[in-house]
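Now, the feature entries from TrEMBL:
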TRANSMEM  46-66  transmembrane segment
DOMAIN    66-317  domain 'G-protein coupled receptors family 1 profile'
TRANSMEM  87-110  transmembrane segment
TRANSMEM  116-144  transmembrane segment
TRANSMEM  165-188  transmembrane segment
TRANSMEM  221-241  transmembrane segment
TRANSMEM  262-286  transmembrane segment
TRANSMEM  292-312  transmembrane segment
TRANSMEM  324-341  transmembrane segment
Amino acid sequence: SVHCHSNYATTAKPKEPFFFTYHSVMSLLKPQSQTNITVELQYQGLVGLVLFSIMTTVPCCVFLFINGTMLFTLRSKPVFRETSRYILLYNLLFADTVHLAQSQLLYLIAACRIRLIYPVCGILVMLSNVTIEISPLTLVVMSLERYVAVCYPLRHATIITIKNTEVAIIVVWAFSSLSVLTRVLLLLNFPFAELENLQMKDFCGKESMLLDPMSDLYDRAYTYFLFASAGVTVTCSYIGVMVAARSASTDKASAKKARNTLLLHLVQLGLSLSSTIHNPFLIAISKVLDRIIIVRIQIILYVCIIIFPRCLSALIYGIRDQTIRPVLMYHLCSFLLWPLIST
């Protein structure tokens with residue numbers, strides 16, 4: 001799942017024709033000319049690094065600010081702390097925010113051409129795996145909660161309690177942690193003792209930690225199972241709400257709102273799934289396109305399917321939910337205007 005960061009260097013690496021052309025020209029030039037070209041290429045590389053970092057870090061910081069404000073909002077009033085769907089939303093948003101920050105960190109590490117040691121990279125990647133798996137699992141629980149609210153309104157208060165919600169969140173985190181523990185156990189099969197040192201030869205990322213065929217097979221199988229199960233559950237919940245909406249005893253407005261929410265959950269699942277094909281897609285196009293075009297495509301894809309989906313929950317609920325919206329807008333304005341007021 002993100003994960004994309006180890007391929008930054010792969011996609012941004014000059015193709016072989018450019019490599020040979022550069023050295024052929026350098027061998028024919030005078031020393032002074034060689035120095036001038038080297039300095040110019042280093043300058044262009046530095047400018048490119050700064051531009052790429054700004055183009056990803058700025059939207060990332062904006063979304064982190066929005067997510068952080070939303071998290072603060074969801075803990076600011078008792079109604080948010082004592083309502084199951086808001087507790088689930090907080091869990092989803094917390095995982096997305098941690099994953100967003102960690103993804104940007106790995107992206108910048110790769111952009112700066114920094115190679116980590118295996119233990120440090122392993123911890124970062126495993127944290128990424130936990131948080132990215134929390135999102136679809138929490139969306140499943142949120143979809144089931146909406147299904148119960150519409151289809152079993154009289155039993156909703158007894159089924160969807162605070163205690164049951166907390167148990168569901170614990171199960172979600174335990175399931176994700178168990179998956180990560182399995183990945184760690186598979187990594188132990190790799191002969192790290194035979195390496196000269198623990199310094200990585202590639203940049204840190206999910207693919208860099210798939211060190212044997214078994215790890216890669218497990219990662220693919222688990223990802224397919226996770227998203228297929230989540231997709232089926234959300235779709236079935238949507239169909240159940242659609243059927244219940246035709247019943248005379250069902251609140252039409254509530255059913256319509258729940259249906260739209262479930263559709264948005266399907267969109268969120270789709271965006272989360274698209275992040276898993278980010279790296280394979282970049283590897284495929286790197287064989288046929290120019291490196292400059294690839295880097296531009298990579299930035300667009302990174303912002304659209306890695307950064308933006310992690311802020312989608314805050315935008316969806318912050319705009320649609322009539323209870324959250326005024327409180328969120330108040331806190332956003334307060335945080336934005338606080339520097340001006342304090343001076």
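Just so it is clear, glycine is given a Cβ too, placed from its N, Cα and C backbone atoms.
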Ranked first among 87-110, 116-144, 165-188, 221-241, 324-341 for CB pairs under 8 angstroms with the transmembrane segment (262-286): 221-241
The transmembrane segment (165-188) vs the transmembrane segment (324-341): 3 or more CB pairs under 8 Å: no
Chain residues in Cβ proximity to the transmembrane segment (324-341) (below 8 Å; excluding those fewer than six residues from its ends, i.e. six or more beyond): 65-66, 69-70, 72-74, 76-77, 80, 86, 317-318
Intrachain residues whose Cβ lies under 8 Å of the transmembrane segment (221-241), provided they are six or more past its termini: 1, 133, 136-137, 139-140, 143-144, 146-147, 150-151, 179, 255, 258-259, 262-263, 265-266, 269, 272-273, 276
